[in-house]
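First comes the structure, then the notes that go with it.
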Amino acid sequence: MTGKDSIYAAEQEVKDFTFDANVVEVFPDMIQRSVPGYATMVSTMGKLAGQFAQSNSNLYDLGCALGAVTLSMRRNIDKENCQIIAVDNSAPMVERCQLHLKGFKSEVPVDVQLGDINEIEIKNASVVAMNFTLQFIPQEQRQTVLEKIYAGLKPGGVLLLSEKIKGENDVKDNLLIDLHHDFKRQNGYSELEISQKRTAIENIMRTDALSTHIERLHTVGFGNTQVWYQCFNFCSMVAIK
Ligand SMILES: Nc1ncnc2c1ncn2[C@@H]1O[C@H](C[S@+](CC[C@H]([NH3+])C(=O)[O-])CC(=O)[O-])[C@@H](O)[C@H]1O
Ligand SMILES: O=C(O)C(=O)Cc1ccccc1
């Protein structure tokens, strides 16, 4: 069973963060204590998926981790002949996700795939969800990924995108970072855990400003983009084709 995140509790030589078996064990606790509004984002993405799902189409959960968004989307789909394709490039995540999904019954088929977002095909999609995943794609590749998603979406289809964001200048960025660190402290993380985690993700998770995200979504063709959630430096958007 999953446990409490104490990965950075002891002082250590901090290496780049990876989604390995140790992280899988504590992932639900880690994400719940680290991301303000995570449960709200997951449940609302499910509602939006239910609203935008089209009959005879695919719904994608890219960077599915343990499948929280997949489960939330699946609970809300009431259209005929939909299937969910959940993708993650971490083998231990995919393995645990498959196990986890078996615990819930549904009519909607789910295909959990080990794969890289840069390499998978997106086709006949009414909904594509990326809940804190684009941030792990190198910045110079993000537009290409979004172009592929846009091309694979049906007219009226949506991208549901949640991201940790950077403030628009250093003053605003530091204000958001301080509020987020306070949130983590309140959730029981020590100063050492907060600072070692920050070091672990600084090379592998580069955040963009919200304005960069919005401009990029418009550049690839999305006509309507709406931010529907923001708390500190955590944000969720819906982009409609
Ligand atoms: N190139 C890639 N291709 C596929 N997967 C990737 C890639 N890069 C990273 N990942 C995967 O993206 C997920 C990011 S976690 C998403 C939470 C989930 N959406 C949730 O709603 O609970 C967010 C976080 O922990 O910061 C991990 O499982 C990675 O293995
Ligand atoms: O763990 C943290 O403090 C982070 O900021 C990383 C993060 C960002 C978004 C989703 C999950 C974890």
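Glycine is no exception: its Cβ is also placed from the backbone N, Cα and C atoms.
Listed in TrEMBL for this protein:
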| type | residues | note |
| --- | --- | --- |
| BINDING | Tyr38, Asp88, Asn89, Asp116, Ile117, Asn131, Arg198 | S-adenosyl-L-methionine binding site |
| DOMAIN | 61-157 | domain 'Methyltransferase' |
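Packing around Arg198 (S-adenosyl-L-methionine binding site) is summarised by its Cβ count: 14 other Cβ atoms lie within 10 angstroms of its Cβ, all protein chains included.
When the domain 'Methyltransferase' (61-157) is classified with DSSP, helix, strand and coil residues number 38 helix, 25 strand, 34 coil.
Across the residues the record lists as binding S-adenosyl-L-methionine (Tyr38, Asp88, Asn89, Asp116, Ile117, Asn131, Arg198), the two Cα atoms farthest apart are 24 Å from each other.
Within the model, the domain 'Methyltransferase' (61-157) carries an average pLDDT of 97. Following the DSSP three-state reduction, the secondary structure of Arg198 (S-adenosyl-L-methionine binding site) is helix. The sparsest Cβ neighbourhood within 10 Å, among the listed binding-site residues (Asp88, Asp116), is found at Asp116.
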